[in-house]
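Written out below as C-alpha cells is the structure these notes cover.
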C-alpha cells in the first residue's frame, strides 16, 4: 500500500513496488499453485466417482420396468419423481464440478489469477461438489422409500438419517475453507481496489 504518486517510482535496484512485491513472493506463488493443483485433482476424482455412480443409477431404477410398456414400475409415485430429479441434479452438479476443477488445472497460474479467478473457481467447484453429494444421498434415501413405502417404513427413515452424516461431515470440514476463500475474494477487494482512497495527499495540486 503506497501513495499513487509512488507506483512507478524505482528503488536502488531499479524495481517498481509491484515488481519488488512479485520478486519477493515468487515462492508463495509456486506453493499456491502446488496446493491448488493437489486440491483440484483430489476433488475432481471424487466428482468423477459421483458422476459415474449417479449416471449408472439412472438406468437401474428401483422397482424395475413394466414388461409390457417398458415404463418404470413406480412412475406414478411422487417419491419416484423426487428420486429422478435428485439423481439428475447430482449428475449435473458433479459434471459442473469436474469442469471447474479441470479449468483450475489448466490455468496459467499468473499472479493476478490468485486474487480472484482461482479462488472463485475453487469456491464454485466445492459448492457444486457439495450439491452433488447432497442430492446423491437424497436419491439414495428416496430409492428405499420407493421400495418400502407400504411396509417397513422405518428402514428408509433409518437409512435417510444415516445418509445425512456424510453430507454434514463434508459441510463441516469444508466450511472454514469456503469462508477463507470468500474472505480472500471479497475482503481483499477493499484492500487492493478500495472504493475510497486510503492514502491521500494533504496538499493536492489542482
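Quick reminder: no glycine exception, Cβ is built from N, Cα and C everywhere.
Here is what TrEMBL says about this protein:
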- 33-146: domain 'PGG' (DOMAIN)
- 40-59: transmembrane segment (TRANSMEM)
- 79-102: transmembrane segment (TRANSMEM)
- 122-147: transmembrane segment (TRANSMEM)
- 153-171: transmembrane segment (TRANSMEM)
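A mean pLDDT of 85 is what the model gives for the domain 'PGG' (33-146). Counting residues per DSSP class in helix, strand and coil order gives 87 helix, 2 strand, 25 coil for the domain 'PGG' (33-146).
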